[in-house]
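Student: My structure is below; once you've seen it, I'll send some questions.
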Amino acid sequence: MTPLEGSTLTTVAVVMVAYLGVLLFIGWRAAKMTHGGEDFHLAGRSLGAWSAGISSTASSESGWVTLGAVGMTFTYGVSGLWYAPGCLLGYLVNVYLVAPRLRPLSANQGSVTLTDVITQRWGDPRNVLRLTSTTIILVCMMGYVAAQMTAAGKAFSSSLGFEGRGGYILGVVIGAAVITLVTSLGGFRAVAWTDLFQGLLVAIALIVLPLYAIARLGGFGALVQGLGAINPDFLSAGGGRLGPVLWGFVVGQLGIGLGYPGMPHVITRYMAARDDRQVQRLQMIAMFWGVAVFYGAGLVGLAGRVMLPGLADGEQALMALALQLVHPVLAGLLLAAVISAILSTVSSQLLVAASAVSYDLVEKTLGKASDDHRSLVLGRWTVVVVGLLGILVALSEVRLVFWFVLFAWSGLGAAFAPLILLALLQRGVNRHGALAAMLTGTGVTVAWKLGRDAATNPEIFARVWWITVLAAAAILILGRLTRAFETADHVAVVAAASLTVISWWLVQQWGLHNLYELVPAFFLAGFAALAVSAITPISVEEAGK
Amino acid sequence: MEEYSLTFGAHLLLWTFPLVLVVLVILEALLDRLKPESER
């Protein structure tokens, strides 16, 4: 980002401090209303349509929407917008199929987390599903949280005028400390309310800025002429791509939407809605927010391409346009919107990771069931510990963690999205099928992603088949030693390992590496759930339903 | 000077899709309001 100077820097810094103050105030207010475990993990199922709707959407879109999505159209023109229908189709599935079914199901079950929904839906007498689900969530979320803290730290240090390595550290610590404090004090309610505030800020920024920028250009016609003059391919839906490259790109961009039903930090918002009426009302709110934000981000990228010909990094277009076009106070608010998109996701993921540890592992798996007050205290301290770990990882910039981040969206989406859809819409799945789906989704995602990046990781990709066999053997031995596995669970592990190796083979044989990994992983995970359930039938009574 | 314009596919992607989506969402909400309270 362009370094800020003089009075602009002072004004932007004042706006940033005010923005952080609002977050802390919301956290303090929410803390006063948080009295027990269910309050902390699910806001006591009390959210209205606006907070549930905007919180679900703001949590799902990280800094990606104000940085990456803007960069897509800046780089590729109109064809960079294919992510928008993909994401909006994901929203449609979430708010019209998942939310109306998930809220009453979780209320009837008394389930608090996504893992809870899965284990109670299919029964989990030996905690196999709970441990598998919690492990996948923790691995994906910790990497995600650390990466978002890194992004927030960079944005803060630029906005507040901090320089060098020391400035970066200060930026990470300020952003992460505020959001960890707010989340630990107010739990789910604070996260939902700060999401509402930040989500509205992001939406307003992405409506106002592109309209103003296009007006300054001389209207939409001038934007089209400007883009065509740079590259005529910027005005087509294919962007000059042809054949398999075009289809791989379009299917991959549309495939982003497949992940939404599997995001624990998103669908828990529907579980926290007060009643079915709130769910119906949040549908329109979420869809409108999505259209405004995705298309707003796309238009910012297009306008930025024409107005900022010297900008090297398209992902900086929103911030650069804000500083060039509007008064420093408004620019400060627009920069706050960029950071809001990041922090609203961090807080949600922080809470999901903490709930996975304090609720799913300590309270449920280890059986340290405590009273409501102890559950609240445990939750709060877990958020602090997870937040500190996130800060440490962000500051140390451990490469392995950021490697995991690459899998976070597709890994969570493939492991949980088909499972949640099957849990809500399909009756023919049992707990062994559920285990197969989670393992297959994760395995295929990693194998396919490595295949897509085979040029950068050729050694690891070549060893995928035997790493998969070793991992499957380790899981089977662990299941045997702990006596947690039933015979049918062995079938699930073998099926998941087989599908992972087959997908690895397919990537090489058919040259399918252009295809986004979530697409094959999603469908293979769904297939694994149905196939394993078909060959390992268990009675309804046994399933605990 | 050459005149540029959006292709048909770009029109669909850039504004037809979101417009149709918004109209459908509004229609769905209106239809839902017309239902009796017991059927919602």
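In case you wondered, yes, glycine gets a Cβ from its N, Cα and C as well.
So TrEMBL lists the following for this protein:
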TRANSMEM  A:6-26  transmembrane segment
TRANSMEM  A:80-99  transmembrane segment
TRANSMEM  A:128-147  transmembrane segment
TRANSMEM  A:167-188  transmembrane segment
TRANSMEM  A:244-263  transmembrane segment
TRANSMEM  A:328-357  transmembrane segment
TRANSMEM  A:377-395  transmembrane segment
TRANSMEM  A:401-425  transmembrane segment
TRANSMEM  A:432-448  transmembrane segment
TRANSMEM  A:460-478  transmembrane segment
TRANSMEM  A:490-507  transmembrane segment
TRANSMEM  A:519-540  transmembrane segment
Student: Are there 3 or more C-beta pairs under 8 Å linking the transmembrane segment (A:244-263) with the transmembrane segment (A:80-99), counting only pairs at least 6 apart in sequence?
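Tutor: Counting Cβ pairs under 8 Å (6 or more apart in sequence), the transmembrane segment (A:80-99) reaches the transmembrane segment (A:244-263), since there are 3 or more.
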Student: Going through A:128-147, A:167-188, A:377-395, A:432-448, A:519-540 one by one, which has the most CB pairs that fall under 8 Å from the transmembrane segment (A:460-478)?
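Tutor: Answer, by Cβ pair count: A:432-448.
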Student: Answer with yes or no whether the transmembrane segment (A:244-263) touches the transmembrane segment (A:519-540) by the criterion of at least three Cβ pairs under 8 A, sequence separation 6 or more.
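Tutor: Contact between the transmembrane segment (A:244-263) and the transmembrane segment (A:519-540): present, because at least 3 Cβ pairs are under 8 Å.
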Student: What stretch in A:128-147, A:167-188, A:244-263, A:432-448 has the biggest tally of Cβ pairs under 8 Å against the transmembrane segment (A:377-395)?
Tutor: A:167-188
Student: Under a criterion of three or more Cβ pairs within a distance under 8 Å and sequence separation of at least 6, are the transmembrane segment (A:128-147) and the transmembrane segment (A:432-448) in contact?
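Tutor: Contact between the transmembrane segment (A:432-448) and the transmembrane segment (A:128-147): present, because at least 3 Cβ pairs are under 8 Å.
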Student: Please report, as numbers and ranges, the same-chain residues at least 6 past the borders of the transmembrane segment (A:432-448) whose CB is under 8 Å from any CB of it.
Tutor: 118, 121-122, 128-129, 132-133, 136, 407, 410-411, 413-419, 422-423, 464, 468, 471, 475, 486, 488-489, 491-493, 495-497, 499-501, 503-504, 507, 513, 515, 517-518, 520-522, 524-533, 536, 538
